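Okay, structure first, notes after.
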Amino acid sequence: MTTIVSVRRKGHVVIGGDGQATLGNTVMKGNVRKVRRLYNDKVIAGFAGGTADAFTLFELFERKLEVHQGHLVKAAVELAKDWRTDRMLRRLEALLAVANESDSLIITGNGDVIQPENDLIAIGSGGPYAQSAARALLENTELGAREIVEKALGIAGDICIYTNQFHTIEELTSKAKDPENV
């Protein structure tokens, strides 16, 4: 249970997440780092789901990035294949949001690798709130990617009981894909 949101805008891609870890109905920790830099700081990734499961997936994904020389899409597809077919990995319950300078992806345990519309990702229990907020800000303001992520996480944290106001945010310079990103 968490909120991870990613926005790509005006030459930047940002992934941010809250820091709350819960066990049942109890907050166990409030400062978990659910967003990390991978592959020599060229990839940023965030997770929603079980913490131990997510750390396992981070390690596996980083290995795939090494094998595929940092090619994000290939590494994501290979991780998703393994995740879906390996008996032990299938039990892992988490979602990953990953991005590099040119691509943003969601990787699921069902074997899905999804490139979202408008390079907006929001996953976890607070994902729908963060996505709604980020989309409104993207469509109606000139705010930068980082500010949109900060505001979307704040709104999700105000609404979702499994999301707090401790945020970890990572940012990369992005390659432009459309006029909005120039």
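Cβ coordinates come from backbone N, Cα and C, glycine included.
Packing around T2 (active site) is summarised by its Cβ count: 29 other Cβ atoms lie within 10 angstroms of its Cβ, all protein chains included. Taken from Swiss-Prot, the feature active site applies to T2, supported by sequence analysis.
Annotated Na(+) binding site per Swiss-Prot: G157, C160, T163, in sequence order. There are 29 other CB atoms within 10 A of the CB of T163 (Na(+) binding site), with all protein chains counted.
DSSP assigns C160 (Na(+) binding site) to coil in the three-state reduction, outside any helix or strand. Neighbouring residues of the recorded Na(+) site, listed in sequence order and excluding G157, C160, T163, comprise T3, D18, Q20, S125, G126, Y129, L153, A156, D158, I159, I161, Y162, N164, Q165 (Cβ within 8 Å of the Cβ centroid). Sequence-distant neighbours of G157 (Na(+) binding site) (same chain, 6+ apart, CB under 8 A from its CB) are T3, D18, G126, T163, N164, Q165. For the recorded site, T2 (active site), the DSSP three-state label reads coil.
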